[in-house]
Structure formats: C-alpha cells, structure tokens
Amino acid sequence: MNPFITALLLFGLGLGTTLTFASSHWLLAWMGLEINTLAIIPLMTQQHHPRAIEATTKYFLTQATAAATLLFASITNAWLTGQWNIQLMTHPIPTTMIILALSLKIGLAPLHTWLPEVLQGLNLTTGLILSTWQKLAPFALLLQIPSPNQTILIILALTSTLVGGWGGLNQTQLRKILAYSSIAHLGWMILILQFAPALTLLALLTYLIMTSSAFLVLKLNNATNINALATSWAKAPLITATTPMILLSLGGLPPLTGFMPKWLILQELTKQNLPLTATLAALTALLSLYFYLRLSYAMTLTLSPNNLAGTTPWRLPSSQLSLPLASSTLPATLLLPLAPAITALLTL
C-alpha cells in the first residue's frame, strides 16, 4: 500500500478515537466510532486475500450493526429525556441498549462470535491494531456512561471470562487464541467498571502492553499456528526464552505484570461484598492460563514434528524493528513491583 495512503488511514484511526475521547455528545461520539471503522477497513483488505476480504466483510457488518444500535439508542434517549449528554444518561432502556451496542463493538461475550473469525483472516500487524487501538474509543464511552443496572455488566463480564477461557482451549491457530484471550481480558475490565473505573483503566493499560508484546513476538517469528512456534528456537533463541514470560503474564501468573490487575480486581470485588463473583472470575482465569501454558510448552519444551508443514524455515534476518518489541516486553513482564505505587495513585 502507498505510504501516503497508509499515513492517511492511520491519521483517520487516531482522529476517530480522539474525537470519541473528546466528545460529551452522543452524535459526536458516534461519528468518531464511524471514522474509526472506516479508517481500518482499507488496512484490513490490503492483502487482497479471500480470507482478508471475508474478515473485513464480517467486521464491517458487526460494526455497522453496533453503530446503528448505538445511534438508535441515543436518539431514543434524546426523545425520552430531552438531552444528548453521555454522562447524563438516566433512562434504563437506552442505557442498556448502548451498553450492548458497545459490547458488540469490542467483542464481549455473548456478542463475541465475530472477533476470532475476523482476527484469523488478518495479518498480525492489522490484528494488533484491532486488538488494541480499536478497543479504546468504545471503552472511553463505557467509562462515561452512568450504569445504575449493575447486573447486566457483571453478566457480560463473567460470560466473557468464561467464553474467553473455554473458547481458546481447543484452538491451534495463534490469532484465534489471542482473540479469545482478548475476550477474557475484556471481561475482567468490565467486571470492575462500575465499582472502580481506575482499575478498569489499569487493566486496559496492562492488556494493551501485554497483547502488543505477544503480537510482536509472533510477527517476528512469522508464526500463525502452534507448530510454527515449535521451530522458533532455531531462529530467535533469546525471544523464545522470554516469550513464555509474556504468555504467563497474559495468564495472570505472579510475579509477572498480568497478576497485578487481576489481584487488585479480586480484592475490590471482595470489598464490594461480591465473593461469589470474585471466585467465579478467578476460576475462569485458570482456563485461560491453561492455553497460555500450552503455548509456552509448545514453544520451549517441544521439537517440531518432522513433517512438511513443520520443517525448520530459513533463518532470514527479520525486517521488523526490535525496539517496539523490547519496549513492550519489559513492562509486560516486570511491572508487578510497582503495584504499591499504582494502588497509592488509584486511591488519590
């Protein structure tokens, strides 16, 4: 793709997200989300592969459905209450509709079915943008909506953590595994949204860092399935040694970064007298941890099978910049000692 076109589309992505961040009016927020969707679609189709076109079509249809529902709900809210302000939502019906529309946009279960399929059809770079940057604008709106009805968010969150763990168990394709990982992490963020929004932001930030690191590792190894991971030790032994730490950090294992948001979220849920919810969330995290362990095992403790698909590829030098990978891997694994400082900041 022409670099000028790429720069224009990336500018569109930034503009759409910034517009949604800055808006307090539903129409302006909707416009930002639409600019965001329209900017990423050409980036998704740049490969001219039937799977990429199929993934883009699925993505466009789901995002258009979510945007139409959002617009309808905001118009209904204006009709019922006479105002368009995001932070002054009072009527339960439009509020619930908007929460469901934004859940469809980010891929929360049970509205998640498009996400693994779409991510599987894209290359790793566009998949990284879809899994990280595209979550920011809908999250900014979810954080602003006053939610008197806590039940719907807790149900969406627990379903997402369960589906995200369960769906990834049987997968061999790495992009689908990362999609289910994304669904599970989104569930954790939504779970604590109404009780401690600052913790949601912390969980989102750690998720962005860890997912970026995981995608960049796969891009460096040019790996799209588990068999390809098993040959990575020959190409980049140092990366192969550090990748299990990134994956186990995504699973939330101490003493890695990913443990911090889960720990603080469980602590906050216990403080809010929701011990059953906290227990269910902790148990569903074990499902996710299993497939991260499986990936780590495949990458470091197994040799690739001697079939044609698993033969060791040429050790060509990678054209990928190593600075983004290094600068995301370090915080993805070593931020846990900062937990006391972060908790002190959150209580300010």
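Using N, Cα and C of the backbone, Cβ positions are placed for all residues, glycine too.
TrEMBL does not curate its annotations; it predicts them automatically.
Going by TrEMBL, these are the annotated features:
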type: DOMAIN; residues: 23-287; note: domain 'NADH:quinone oxidoreductase/Mrp antiporter transmembrane'
type: TRANSMEM; residues: 60-80; note: transmembrane segment
type: TRANSMEM; residues: 92-115; note: transmembrane segment
type: TRANSMEM; residues: 151-170; note: transmembrane segment
type: TRANSMEM; residues: 177-196; note: transmembrane segment
type: TRANSMEM; residues: 202-221; note: transmembrane segment
type: TRANSMEM; residues: 233-254; note: transmembrane segment
type: TRANSMEM; residues: 274-293; note: transmembrane segment
type: DOMAIN; residues: 289-342; note: domain 'NADH dehydrogenase subunit 2 C-terminal'
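For the domain 'NADH dehydrogenase subunit 2 C-terminal' (289-342), the predicted model reports an average pLDDT of 79. Residues 181, 185, 210-211, 213-214, 217, 220-221, 261-263, 285, 288-289, 292-293, 295-296, 299-300, 312-313, 315, 318, 325, 329, 332-333, 336 of the same chain lie 6 or more positions beyond the ends of the transmembrane segment (233-254) yet place their CB under 8 Å from a CB of it. Counting only same-chain residues 6+ beyond the ends of the transmembrane segment (202-221), those with a CB under 8 A from a CB of the stretch are 124-125, 127-128, 131-132, 135-136, 139, 174, 178, 181-182, 185, 188-189, 192, 228-229, 232, 235-236, 239, 243, 246-247, 249-250, 257-258, 260-261, 264-265, 318, 320, 324-325, 328-329, 331-332, 335, 342, 346. Same-chain residues lying 6+ beyond the ends of the transmembrane segment (274-293) with a Cβ under 8 Å from its Cβ atoms: 154, 157-158, 161-162, 164-166, 168-169, 171, 177, 180-181, 184, 187-188, 191, 247-248, 250-253, 262, 265-266. Counting residues 6+ beyond its ends, the transmembrane segment (60-80) has Cβ neighbours under 8 Å at 26-27, 30, 33-34, 37, 41, 89, 91, 93-95, 97-98, 100-102, 104-105, 114, 118 in the same chain.
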